[in-house]
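One structure below.
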There are 2 protein chains.
Amino acid sequence: MAEQDTAAAVKIDAAAPAAAGAAAGAPAHSKKSKKGKLQVSLKTPKGTKDWSDTDMVIREAIFSTLSALFKKHGGQTIDTPVFELREILASKYGEDSKLIYNLEDQGGELTSLRYDLTVPFARFVAMNNIQNIKRYHIAKVYRRDQPAMTKGRMREFYQCDFDVAGQYETMVPDAEMLDIAVEGLTSLGIHDFKIKLNHRKILDGIFKVAGVADEDVRRISSAVDKLDKSPWDAVRAEMIDEKGQTPETADKIGEYVKLNGSLRDVYNKLKEDAVISGNELAAQGLTEIEDLMTYTEAFGIDNYISFDLSLARGLDYYTGLIYEIVTAASAAPANAAELKKKAQHGNKDKNPDDASEYVGVGSIAAGGRYDNLVNMFAQASGKKKAAQIPCVGISFGVERIFSIIKQRIAAQAADVKPIYTQVYVMAFGGGKDWTGYLPERMKVAKQLWDAGIETEYVYKAKANPRKQFEAAEKAGAPLAVILGKEEYADGKLRIKRLGPEFADDDGELVDADKFIDTVREKLAQVHEDGVNEVTRLIRGL
Amino acid sequence: MAEQDTAAAVKIDAAAPAAAGAAAGAPAHSKKSKKGKLQVSLKTPKGTKDWSDTDMVIREAIFSTLSALFKKHGGQTIDTPVFELREILASKYGEDSKLIYNLEDQGGELTSLRYDLTVPFARFVAMNNIQNIKRYHIAKVYRRDQPAMTKGRMREFYQCDFDVAGQYETMVPDAEMLDIAVEGLTSLGIHDFKIKLNHRKILDGIFKVAGVADEDVRRISSAVDKLDKSPWDAVRAEMIDEKGQTPETADKIGEYVKLNGSLRDVYNKLKEDAVISGNELAAQGLTEIEDLMTYTEAFGIDNYISFDLSLARGLDYYTGLIYEIVTAASAAPANAAELKKKAQHGNKDKNPDDASEYVGVGSIAAGGRYDNLVNMFAQASGKKKAAQIPCVGISFGVERIFSIIKQRIAAQAADVKPIYTQVYVMAFGGGKDWTGYLPERMKVAKQLWDAGIETEYVYKAKANPRKQFEAAEKAGAPLAVILGKEEYADGKLRIKRLGPEFADDDGELVDADKFIDTVREKLAQVHEDGVNEVTRLIRGL
């Protein structure tokens, strides 16, 4: 799709942008129209979008659910800069390094937008000589990938990461990461998923016994990683034609990477295989898997796990257990074409490439162990004897989880409001000379704010009753505090429930100097069932 | 200070970065050491810093306090991309446009990091044809300014903005912005502040009657804006020598911009001044100030306000009321030199330029009315008859507020932990052959997690009691659930309060199959005073 196909063309006077061009860099994409006006595009950059309204409420609820989860497991949060020194990111992402966004050299250091939260975390741990930490980080990352609406792939997107750094008993934090995946997804109402799991040491052992040279291991691993999208024949061809392996090596690899099943079944199969269990690396991996089985059984999460030898994961830095959580509840909607059409013509989503809700199958969380990344930074900083700080982490894919939850809410035709207003302050009177009680409404609103109650009123001196009721309904306020022309003059306020079922209810008249108590009581009645609608919807209850 | 003075030098094998350089852009700043190793710097980019530990807890508490405030006033939140099309930002920031960070042209659109949250908001409103919205946005913005530790000036920093867009009764949302400033700061325990306020129309009227040409108004306004840092003589000289005004014009301006006092006093003075009240622009401004007085009195916040004609604000887009909230509670600590020394030598703050806690006097919130910004986007997009969408907003300066609160907490020597762990699961046994109950501890922890209780345990098979108690203390857990070697075998768990005052308390032995209830009861006892320590500290109670 052409860059500006779906953008609203914007024309502004040539004078202003010319001055701006001088100051902030000339906008090379701006084009002059026939009339000599400069055109700019009223849109967000490719692969990015604005979040607002209901979408924002859902996303914030996901974040708070996951934050609570991470805190439950002893996590503390950190915040690192959106850009890092370019050299910090260098050589961490293999073939994907080309997707890194660079900042322009405007004098000073060369910097790039972060590609993930893991490398900045490792830099943070190394820089501060941290020996152990459980940290979570919910923030945006940046990849100059081709945006794909069908896959929910954006150039700016959130990651929700939990990582444990420190020297610990083998597989103990790893098992907790898998448990966190299960707890996180089920607390978001997602139950139909499986954890695909593999071990880099076992995989590397397989490559070794199949005859792959050490220097080719990561490249062959990359090829295997494509098995979730490509058939074996294509991957086999890549190994032979592009990556210089013999057909025998490729076939030997193929024999193993097709294996998958329960942890125990695949473990047993490999253990009985003398070639594999005879390889030192693979044998180490198998011992770790043995421990992992004990721990995942203790957590009662072994039924979610599929030991899948075709899982390789693209990133260079993994050294041990790796995992990806996939859901059968693919969020690709039946009416994708219709939604796309709407996105192209509607106001809210100008760019259908930006409509991340149309997600195909894909992983909704992923992670693994990376034992050398911190060490690589630490040793290089001159601490030659720096202790190794092994790490293990999990990252939730927010955009995909969002799509699943949004679909669920849409299916329930639920109305999630982005505003929390509890009370609408109104004034009813009459006569041309009546002031409309605007400062008086403000005084009443102020008392409610001071009591911590979400309150609005119409920003108009003389507002008619119908408009005030409409505004209250739009805000979703369950309660009105009404200043009647005569009643308020008598020191009284009327407190009334809103909504069609209370149309005939005139409410209650109370003393203006102690109306807050009545408001509190009535709000307690409104919320007496104690169910927070958004929370219920997010959890799929 | 030289760019890399305070950085830990990092050496890594030349091979890896060379490969990375090809992929992600060669790191121009890397230098080869004598031994031919490539050196990279283990630090964050200039003017940025990592946030962690207690600082992070304080900052998150500030965000949640302000979010609740914005929701209380009917606000909904949006999220816009960190970078915008470069042309969107062009010609919005006057002389400060040179501080905009550009992204490298890697093919595709030209983009820049956002400089504030206001221009992206106006773009969002125009792009989506929004007629009215109350929105808040808490997010990072970017300015290539000279970082200054003494002023808390960073290149990456947070803004907390609340803006109201829509056609409303004059000065009504404006007054609410001022009220929000008062409620926001007092809810953060800051009481010693004043709102400096001015009106662009009155200021422009003054310039007009003083003889400033229309095309010079914004440049002269910029000069006046420096009066909070520079003496009048310097500003006068700038007007005459650099900005081509006559001494008479400058002196006439000087006569007015020295005025300040209560809203009513300064209003009266200007109203009585025939030259000012005879100017159409200034007269409009004065009528608005008259309304504002009624509303700020209704809110009971007039005592915070100082009408200060020297306030000009740098940004081009303001069109009406402008304001800045300054605090007398300057956070410049008496021991700044000592803190700086600590920052230079300690582990946590390698770069003293990044130590934003050393804040001098400065504004802690600011904002104003900008009635043409949305319209500028909307009209230019071809909607020639687009209705004007006036806007008014306020932005809280988080870094400065943070410094004040951090100082207050430091003065109380309070311990704010970044972890929320409530229960530490331990196992006590003995004998070389004992397993250490690791999978059993995991099983117990899992039950606590499933009950929503923040729980940790030591990631070690055989952990000795002392180490487990130390870990629990470090995490700040008030309760231990103990698996005694024999007790657990008998189906029992021991639940014990932690802390020095409970050293002699052996706790309570309960059935393992219903221990959660006892944990809940004991946690309720722990928290029975209902005071959240962090909340109390943030509010300055």
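Going from the start of the chain as shown, residues are counted 1 onward.
Cβ atoms are placed via backbone N, Cα and C, with glycine included.
Lifted from TrEMBL, the feature list:
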type	residues	note
REGION	B:23-48	region 'Disordered'
DOMAIN	B:47-418	domain 'Aminoacyl-transfer RNA synthetases class-II family profile'
BINDING	B:D116, B:L117, B:T118, B:R143, B:Q159, B:D163, B:R313, B:Y317, B:Y318	L-histidine binding site
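Features recorded in TrEMBL, as mapped to the structure shown.
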{"residue": "B:D116", "record": "L-histidine binding site", "Cβ neighbours (10 Å)": "20"}
{"residue": "B:T118", "record": "L-histidine binding site", "Cβ neighbours (10 Å)": "26"}
{"residue": "B:Q159", "record": "L-histidine binding site", "Cβ neighbours (10 Å)": "18"}
{"residue": "B:R313", "record": "L-histidine binding site", "Cβ neighbours (10 Å)": "22"}
{"residue": "B:Y318", "record": "L-histidine binding site", "Cβ neighbours (10 Å)": "25"}
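Those binding-site residues from B:D116, B:T118, B:Q159, B:R313, B:Y318 lying by chain A, with Cβ under 8 Å from one of its Cβ atoms: none. B:T118 (L-histidine binding site) carries a helical DSSP state (H, G or I). Largest Cα to Cα distance within the recorded L-histidine binders B:D116, B:L117, B:T118, B:R143, B:Q159, B:D163, B:R313, B:Y317, B:Y318: about 21 Å as a whole number. When secondary structure is read from DSSP and collapsed to three states, B:Q159 (L-histidine binding site) falls in the strand class.
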